């Protein structure tokens, strides 16, 4: 199908001479173009300016290639050293990011500083920083649920995620990076005219990102690798990575007025047969085939006088995913450009002339007093959402009539996104009264009244007699009303079983108060020991119906009071007194209690910063016969402190209850070397001290790998039990261990070797979060 780009001009060949009138006209056009910080825009204006200077128009063409595109920065450094004046820039994918920044006035050194300083782990994380999550989302981590989910729309149809990586962090990064020119919506009016190709995902054709778009939008569209990042919605189309149709946009540069081309190709070459042994390699090869076909056509279109630079990235086996090797890739790009230096010098300008041109290129297009600060007179939501717009604005938590940095405004949009209701949250500024601005929020809601399914679980084994597993299934129905009501149902199978149903309802549009009624049924088995041997097995079961009234403490946690009805029983199913009247004890009674939960940990399994503090408890009502009230209290504390890659973590647990089987110790994560549930009681005191190091820098792995040592001390007992049974003794137990832990995409994985003194030594394999 024939496709007409947004603009199309054929580049005429450079004339050998011009008549007097033509020369005068060209001189006038060039003078007008140089009268402001806005450079030439159309292809005719570009050519006129170059003709007036008596030189050909030079177009810089930067290909896509993922991390390999960092080589473009090294090429820019050499072009600067040689005094090569660039008249138009085109770039695809990573080439659009580097080329667009150069066209906007950044120096090669500034671009290098930005790409080297990017936190790529954060950029490509499947979700936002844990500190930004609501407390309900943080609690999912303790159930071992996956961070990703499968969505179900209102018609009951499954909806897979748009992409592997959310685009929010990438969009915020590009918006910030291009902030100095975010008022420009015609990229031909940048310091150097710029354009980037993207691919229309519906029709498979090229779309040129230049008119009616910001530089950040152009970069975002051209960098949207299909499947990795969600497509960009633009003028009713869905746009993805331009590399599929034009990875080396030579023709586009000529359409913009270029007479000669300096093209830098960093695309990934086709893989050999030995690399095509798995589905990932085959799918990557499919994309590379499409890319290489259009790159080959672009290279074949190069003419005499054009220069092609191909950095030798294969020699060091550098791939598009080597984002953390930016300095090495930049240097390889620089070396490749130096090899072409003699040919590049032909387009160099005298030192003074180049210095004047470069100073003008770097000059801001629009002078502002402080481009990084904004004073807001209003905040408006510009898209329909199921939530009340006031609630969306409140989530941003941005004050009016105070100078706000761009970073703080971004943090506000990140808070909205982290609520989980939106695939992304864009923003822009509009003029306000008296020099202020209006912040316009554009949250892209996933779906009205949508629901999500998450699965998770855990496994623990000592490769001998101690095994424990769980499987968790969770379903949440979101946005049930415009205050943000949500209904969650969760079931866990395995050695510890439970079913829980809860309804979370905020009280008001912008209030932090909420109520949460819930029902829960749970049960588990545990052994009773005598002289180091299991002599009996008990089963505890609990039914709990309660209503929690609480207050959300921003992103820190919550505090609340709760009332409910509790039915809890313990029954001996194997061992002495089996099936006798004494084999079952329990309570059923109304109760009242409270809870405080503060959680700022960056990870529940491998924390490096933050703190967790939890305190909860309740007291039941006594009966008319004078029986004592039952009670339950639990305090939990976790505090990691880090220096570089080293982390020291302190964990403390203290529990009190009137029920015998409430707390347990033993297993890989609590007194390693002893069997799981080795000590059970109504009293529990436990502490662990861990020293660990992230050694992924030693291994070169992109996934965090931890090595560490820990020491533990704890006890669990029942004061009312006969001391012939170990559960009646309050002896302290001590253990030590070494471990390796992998923070994998499928959940934490541990290999642990430990010894509980006077008990035993064991090697454990653990997958998933274990409380």
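Using the three backbone atoms N, Cα and C, a Cβ is placed for every residue, glycine included.
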Given 86-90, 91-95, 96-100, which one carries TrEMBL's motif 'GXSXG' label?
91-95
Please identify the range among 58-63, 64-69, 70-75 that TrEMBL labels motif 'GXGXXG'.
64-69
Checking distant contacts: for the motif 'GXSXG' (91-95), what same-chain residues at least six beyond its ends satisfy Cβ-Cβ under 8 A?
61-70, 72, 194, 196-197, 222-223, 225, 241-243, 246-249, 264, 266
Sort the residues of the motif 'GXSXG' (91-95) into helix, strand and coil with DSSP and give the three counts.
2 helix, 1 strand, 2 coil
Can you tell me how the residues of the motif 'GXGXXG' (64-69) break down into helix, strand and coil by DSSP?
4 helix, 0 strand, 2 coil
How big is the gap, in Å, between the Cα of residue 93 (active site, nucleophile) and that of residue 241 (active site, proton acceptor), rounded to a whole number?
6
Per DSSP, to which secondary structure element type does residue 241 (active site, proton acceptor) belong, with helix, strand and coil as the options?
coil
Just how many other Cβ atoms lie inside 10 Å of the Cβ on residue 241 (active site, proton acceptor)?
29
